[in-house]
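**Student:** One structure follows; several queries about it will come next.
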């Protein structure tokens, strides 16, 4: 368990990220791809269904033994909460109500957020769209691990610990490396979350609230559905910085596994991403991909060539901000 990672630095690239250029090529050859643009009109019902399931679960676990609560949180509740996080990912791209109704998207994200037990919907959007627009940028892309993470978690054993701690690094990294002013919507997000948590505590008790919190934490760490955190951009093959996953877990994760397709076309909702590959197969069939998120986690821990440093990184350039590229929240739009 003490094998050391062979990398001692990130993979530095001096070319542009691949998605903008591939998007132009695909649209030039297949203009009908634009017919897939739009929003998922069923997103409200999907969010409502997951919210209802977790409220029912909170009722039934309120008197359950702690081992049962932890087991249910890992095997059931955590999966629903992680799926809700990926619904919020969709909503951050305005894919629930479309770009013409951004506030409706923000409200739905805040409502869905409550079962995760920690406010994250609005803050996630602030940083995630920059991940798309400035993929690999050393200052702008907060999806990249920090230098400290690469130094500290460089053995098989410490990489395993890093996976357990992934929720904390994912949440806290932007606050330390690229802090932004707190917005009014973030305050609303936090207020709604506190009210919901207090209500769960009052009506169902501490075990039900713990069930929600434990599920969110466990399902972001060493858990099959959390494999997408590693599979999406960690460099399993030199020269490739984004990877798609084609497997059954896409069915409960809003097709987030279609990650090359998503970065190429962030305006296409997850429910239509498989059609991107169907329309333009020659652009995706030869790209390296994953078929098992569990295998991704295993390889990340055991492969000495992979670790927090196994990411493509780019030097930062001055970023001109065009007011036309700002949305209602003042955040930059993903292209």
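Backbone N, Cα and C atoms are what each Cβ position is placed from, and that goes for glycine too.
In TrEMBL, annotation is done automatically, which means it is predicted and not curated.
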**Student:** For the feature transmembrane segment as recorded in TrEMBL, pick the matching range from 151-172, 239-260, 261-282.
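**Tutor:** From TrEMBL, the annotated transmembrane segment range turns out to be 151-172.
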**Student:** Which range is it, out of 68-87, 128-147, that shows up in TrEMBL as transmembrane segment?
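**Tutor:** Of 68-87, 128-147, TrEMBL gives transmembrane segment for 68-87.
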**Student:** Against which stretches of its own chain does the transmembrane segment (107-124) lie, if we need a Cβ under 8 Å and a gap of at least six residues from its ends?
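**Tutor:** Residues 43-44, 47, 50-51, 54-55, 80-81, 84-85, 87-89, 91-92, 96-97, 171, 174, 183, 185-186, 188-190, 192-193, 196-197, 209, 212-213, 216, 329.
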**Student:** So, taking each listed stretch (68-87, 151-172, 184-204, 210-230) in turn and counting its Cβ pairs to the transmembrane segment (43-62) that are under 8 angstroms, which one gives the highest count?
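**Tutor:** Between the stretches 68-87, 151-172, 184-204, 210-230, 68-87 has the largest tally.
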